[in-house]
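Asker: Below you will find the structure I want to go over with you.
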Amino acid sequence: MMDIFHDRDHVCLRARWNASFHRTAPPASSSTYAISPRPPSTETVDSATRGVDGGEVFLVRELVEDSLLTAAYCASVAVIRILEVPIPNDAIPGAGHEHTKQLSSCIKGPVAQYQTRARPASSPTNTTQLASAPVHAKKKKKKKKKKKKEKKMAAYAENLPAVPDWLNKGDNAWQLTAATLVGIQSMPGLVVLYGSIVKKKWAVNSAFMALYAYASALLVWVLVGFRMAFGERLLPFWGKAGVALSQGYLVDRARLSATAHGDTPQTEPFYPEATLVMFQFEFAAITLVLLAGSVLGRMNIKAWMAFTPLWLMLSYTVGAFSLWGGGFLYHWGVIDYSGGYVIHLSSGVAGFTAAYWVGPRLKSDRDRFSPNNILLMIAGGGLLWMGWAGFNGGAPYAANITASIAVLNTNVSAATSLLTWTCLDVIFFNKPSVIGAVQGMMTGLVCITPGAGLVHTWAAVIIGIFAGSIPWFTMMILHKKSALLMKIDDTLAVFHTHAVAGLLGGILTGLLATPELMRMESPVPGLRGAFYGGGIRQVGKQLAGAAFVVVWNVVVTSLILLAIGLVMPLRMPDEQLMIGDDAAHGEEAYALWGDGEKFDATRHDAARVGGGIEMREGSTEQRLSGQGARGVTIQL
């Protein structure tokens, strides 16, 4: 009887209805029923051999059954079209099987088309009518439509199984693991690194600035930031602000705008939006933490607390949308695989700009700013290195070949850069520097980031050599000869380790990106390095993209700090700068003294001198002049 339903909608619905009554037992490896074609009736064969009477009985029964099914089918279609009820796959018997998915697309397509036809207000023929309607009527209609969409998403979330058919457990697990690895880079990686690489009197303040930036970034990200960076397009370089907190939005399948170009449709990863929100948050947070390295040791903590959410909303989201969210730089063909521009160039330039507006540290701090714990500094740097596997390995949004190549290239570049930097220290200064080795490691990681999954491993060695030499030259040689670089007090040289290394990596990617790996990652046609036939054009695009990121960050960072400066000072007063953590937070990193009692400056007859404490002779305890109670000079 199915041949009387010639319309595609009817055939699909009729087939699905029959399938709901005829199932086969599931195989041992399956947890769901499989729909199978109706088996040939033995009664049909027997009736044919018995003669007309048996055949008539069978046909009458078939007609009655098909009539009942047809009536039920018509009733269900009527209900669906009147109520516009979406039909989830999991509500259909055998939803996990391929032929059932085809049936699902059959029924959902016509219903969606009907729902579109049922709303004439959105059709082109009503454009003039809508334009002439009052503004408040338009707003009311938009709100009503938005509420209706939210209700549908909520209903979808309620009916969604824990493991929908589109979810790939491997991809989801890897993406969450990568997010955690990037999070470890900030917490505790950079917290430990910052707290140990500065003078003792700034250990608490430096660690707290990183801690606060991480926490504030998360709240801003889910309230407005994520959808400004990865949501619907508002401007060619900016997305529409929106909340990423509703259950219906977060459990739905993730969407990646930067996978569509021209006729190429958008690719959807095999995990929920919540996974993408968390993964991209870690990148936003670490950008702010890296920026903090430029202003350690003097920025007013209250000004920093106001600065972080504003900069994330107004600066970071622009770079992220332009390059990763389907913005104009992405469609133009600028390559930034995992954040050489979005994160490192942005943080380096914004940090350098912030250092200019905040002002320098005390002269005594600039002249001598040795680490208070080199071993902890190495530990913090090690957490950064290991966490970079998630930083670059998670960029393909899947556990695939590109992720494997990216992780290997990342480690090769970091090791090569560290060795190159150390060799240069030995050649020019006769000693290997531990601090220099950590900086070389950092520049190697940053420089490979724009093209980690897009270049061959031999190219990662070349990138590592450049990463260990060019930033070394700008920091150790050029910095001392440039009046501008000497004037601006960039505490941890973030400009050299991140801005210079990030820009260098972007240029080298424009030279070394292979067409085979580019096709795996980007639908934009013709993307390849200059050494693979891309010519100077790709390098020019990389430079133009970098120029946009630099200009935007300089302008926006300056405006934010100038606005904050109207309300509160950006820099601590000199009296607080002389004391450090105790004045800024009322806490000290190492508060124990002697055999465990808390250090008391008045008891030990200490006088504050410049940026440290000098012990004097004549206190109640007998000790060496100019020395601590155990004969150790105290250097804060």
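Note: Cβ is positioned from N, Cα and C throughout, glycine not excepted.
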Asker: Check each of the ranges 56-76, 371-391 against TrEMBL and return the one annotated as transmembrane segment.
Answerer: 371-391
Asker: Which residues, given as numbers and ranges, are at least 6 beyond the ends of the transmembrane segment (397-421) yet have a Cβ under 8 Å from it?
Answerer: 168, 170-171, 173-175, 256, 269-270, 276, 337-338, 385, 388-389, 391, 436-437, 439-441, 443-445, 447-449, 452-453, 455, 457, 459-461, 463-465, 467-469, 472, 517, 520-521
Asker: Where else in the chain does the transmembrane segment (543-568) make close Cβ contacts, counting only residues six or more beyond its ends and a cut-off under 8 Å?
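Answerer: Contacts with the transmembrane segment (543-568): 300, 302-303, 306-307, 310-311, 314-315, 318-319, 322-323, 329, 332, 334, 336, 341-342, 345-346, 349-350, 353-354, 357-358, 503, 506-507.
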Asker: Which one of these stretches, 173-195, 207-230, 309-332, 371-391, 491-513, has the most C-beta pairs shorter than 8 Å to the transmembrane segment (433-452)?
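Answerer: Selected stretch: 491-513, with the most Cβ pairs under 8 Å.
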Asker: Below 8 angstroms Cβ to Cβ, which residues of this chain, lying six or more residues outside the transmembrane segment (338-359), approach it?
Answerer: 283, 286-288, 290-295, 298-299, 303, 307, 311, 315-316, 319-320, 323-324, 391-392, 395, 406, 446-447, 449-453, 488-491, 494-503, 505-506, 509, 545-546, 549-550, 553-554, 557-558, 561-562, 565, 570-571
Asker: Can you work out which residues elsewhere in the same chain, 6+ from the ends of the transmembrane segment (309-332), have a Cβ less than 8 Å from its Cβ atoms?
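Answerer: Result: 216-217, 219-221, 224-225, 228-231, 233, 236-239, 257-258, 260-261, 280, 283-284, 287-288, 291, 341-342, 346, 350, 524, 541, 545, 548-549, 552-553, 556-557, 560, 564.
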Asker: At a Cβ cut-off of 8 Å, and with pairs 6 or more apart in sequence only, do we get at least 3 pairs between the transmembrane segment (491-513) and the transmembrane segment (207-230), yes or no?
Answerer: no
